[in-house]
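J.: Okay, handing you the structure first.
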Amino acid sequence: MQTHGFLLSAEKGKPVNRTSPQTFLLAMAFVMPFVFSTWMALLNNFVIEKAAFTGAEIGLLQSIREVPGFLAFTAIYVLLFVKEQRFAILSIGVMSAGVAATGYFPTEYGLYLTTLIMSIGFHYFETTQQSLTLQWLDKKESAHFLGKSLAVKSFGSLLAFGGIWLLMEWFEVSYQTTYLLAGGIGLVVVIFLWFGFPMFEQPATQTKKLVLRKNYWLYYMLTFLSGARRQIFVVFAGFMMVEKFGYSVGEISLLFGVNYVFNLLFAAKIGKWVGVIGERKALTLEYVGLILVFVGYAFVTNPHIAAGLYIIDHMFFALAIAIKTYLQKIADQKDIAATASVSFTINHIAAVVIPALLGLVWLYSSTLVFLIGAGFALCSLVASQLIPNEPTELIPTKLAKSVSTEKEYV
């Protein structure tokens, strides 16, 4: 498979080295989930045991966590002063510092503050990582590489969960020390990323403005619905496992571990499969499965069945890389960074509101929370049917005839 000269093929068996942008992307893909998964795996038990959180407080905390995601569009302005590759590394550093400090602030407002710091780094990193990946990869191999990246992320998460289980179940290490270790390791890796890799060439000069393109409307819609639906899973599925079924930190970590073992073993194959069957079929399968899972969440009473639903739920998320490859196929190359910034904001419009709002709903009916999630999955299913078999810059629907293809800059 031919690629641009500065790219390294993602095909199996090809060598990787420190001069490859793909190696750099995979290194970042490892450290981010290692640090973030530590924060996430401990969160529900930490806030319940140390800060006496209820559904209302956890919902508000998660809404605060998503505010930087809503403001992700500001990344494009930071790029006026900092190169995108350096910005990605600095973002990991900010996230790691927030995680390292979490254990020292076991109060409601302390947790809100450290969560905000962690989240600023996390969301700026996610924005720049997606942008760099879609810029540096050939379209024909991006789905496969995104699957490989997901596998590497899963390995980082597995290492975090294994460490949590070992430290807290066997050595009774405190929350404070565990958070500090994870954040400290993240900061060490940041130094390596900064000095250990060269600055890589970008194939096209990126637009340094916010760009909204009318014929990206379907991508924007899928992104919005994905953000709304995913928040219900991230916030309330794990919270249900602790509050309703009494899962311990070790049990939650092992449950997460099963999810990531699946991704480690199969994510690259799933990515390659998405590249073969196309975005519409991949997303159709994901959304049908998620509808069934959310309905199951709504009525489950058995902790083992709940754990099974949680694992199945996580498996379907690997198919969501189809949304990213859809963007790559329809996007103007020089608009990738700007579109990635805007898409994260769109993804988080609902994410800022939903956790706090549904946290209040949770106090009265957890069943209704998950049925709302099924409703979002149904809307995603309907929208995904508008994706053409071979996506191009124009969407071949009746709506596209009345939509200008000119760019609008805000």
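A Cβ is built for glycine as well, from the same backbone N, Cα and C atoms used for every other residue.
A TrEMBL annotation is a machine prediction, not a hand-curated record.
The annotation transmembrane segment is assigned in TrEMBL to 24-43, 63-80, 87-103, 109-125, 145-167, 179-197, 217-240, 252-270, 282-300, 306-327, 339-362, 368-388.
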J.: Out of 63-80, 109-125, 252-270, 282-300, 368-388, what stretch is closest in contact terms to the transmembrane segment (145-167), meaning most Cβ pairs under 8 angstroms?
T.: 252-270
J.: The transmembrane segment (87-103) and the transmembrane segment (217-240): do they have three or more Cβ pairs under 8 Å, with pairs 6 or more apart in sequence?
T.: no
J.: Do the transmembrane segment (87-103) and the transmembrane segment (282-300) share at least 3 Cβ pairs under 8 Å, sequence separation 6 or more?
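T.: Per Cβ check, the transmembrane segment (87-103) does not touch the transmembrane segment (282-300).
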J.: Taking the transmembrane segment (368-388) as the reference, which of 24-43, 63-80, 252-270, 282-300, 306-327 gives the largest number of Cβ pairs under 8 angstroms?
T.: 282-300
J.: Are the transmembrane segment (109-125) and the transmembrane segment (252-270) close enough to be called in contact, which here means at least 3 C-beta pairs under 8 A that are separated by 6 or more residues?
T.: no
J.: Checking distant contacts: for the transmembrane segment (306-327), what same-chain residues at least six beyond its ends satisfy Cβ-Cβ under 8 A?
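T.: Residues 130, 133-134, 139, 142-143, 146-147, 150, 216, 219, 222-223, 226, 230, 233, 237-238, 240-241, 244-245, 255, 258-259, 262-263, 266-267, 270-271, 274-275, 278-279, 282-283, 285-286, 289-290, 293, 296-297, 300, 339, 343, 387, 391.
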J.: Report the listed stretch (24-43, 63-80, 282-300) having the maximum count of Cβ pairs within less than 8 Å of the transmembrane segment (179-197).
T.: 24-43
J.: Residue list, the transmembrane segment (282-300) vs rest of chain: Cβ under 8 Å, 6 or more residues beyond ends.
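T.: Hits for the transmembrane segment (282-300): 222, 229, 232, 237, 240, 273-274, 306, 309, 312-313, 316-317, 319-320, 322-323, 366-371, 373-374, 377-378, 380-381, 384-385, 387.
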